[in-house]
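J.: Here you go, one structure.
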Amino acid sequence: MNIQKIALFPSRNPKAQEFQEKTLKHLQPVALDQADCIAVIGGDGFMLHALHNLRHLDVPFFGVNAGTVGFLMNSVAPEDLLDKVKHAHETALYPLRLTTIDVEGKEQVHHAINEVSLMRQSSQAGKIQIEIDGIVRLNELVSDGVLVATPAGSTAYNLSAHGPIIPLGANLLALTPISPFRPRRWRGALLPSSVKIKLTVLNPRERAMSASADYQMVENIEQAQIEQVTDSFFRLLFTEDHNLDDRIIREQFTP
């Protein structure tokens, strides 16, 4: 890739700060608004914050793993950063759009790269009606919650909730219940990425639920509509030997 100017965006953890200090010996970074690429140094959570907060800069992001899991990140040495970025492959991630209406009628819109989730706010299980493209598919799900995951997010919260891992090019979304009680045998669904999903909270004042788009939370919701955005995307860079498609495949064979 024709990248010459790199901005560094490190998290505050010591490992990220140390990487930045070592990198400064090998390249001269530029300001964020002057960069061809932003090197985000941290973990997956920090990368999600960076993608949301710096999206307006419209440049690719190269993650440097200085966290724990680092699924969206690359493992590189400070002296190799510029070369790895120049030879990286770009992956487009299409986010989910979450539109919520709370019990007071207030509407909010948020975007998610990994997943949108609905979760109970109290000790009582939530009751949710699930509608797909205008057709009610499940009259009442009794559970701790439910989530909708993108392929990139299918290896995160979705996987821990026993949802399926989805290859990047599959054009599918995972609809996965979280600790379901009724119906007992329903384990979720794989849906075309073109669908519109409407989740209605039944008895929202007695059985309050919140909605989250990645780390952005809305409380006391009554209704949530989820759809994948097709007219904009996030640009992530991955090294040749560690691309996101391979990671998703490898995750399915992890013992």
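Including glycine, each Cβ sits where the backbone N, Cα and C put it.
Below, the features straight out of TrEMBL:
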type     : residues                                                                        : note
ACT_SITE : D44                                                                             : active site, proton acceptor
BINDING  : D44, G45, H49, N114, E115, D144, A152, T155, A156, Y157, N158, L159, S160, Q216 : NAD(+) binding site
J.: At the level of the C-alpha atoms, what whole-angstrom distance separates A152 (NAD(+) binding site) and D44 (active site, proton acceptor)?
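T.: Here the two Cα atoms are 12 Å apart.
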J.: Just to confirm: which same-chain residues, 6+ apart in sequence, have a Cβ under 8 Å from the Cβ of H49 (NAD(+) binding site)?
T.: Y215
J.: Rounded to an integer, what is the Cα-Cα distance in Å between E115 (NAD(+) binding site) and D44 (active site, proton acceptor)?
T.: 13
J.: If you count the other Cβ atoms within 10 Å of each Cβ, which of the binding-site residues N158, S160 comes out on top?
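T.: Buried the deepest by this measure is N158.
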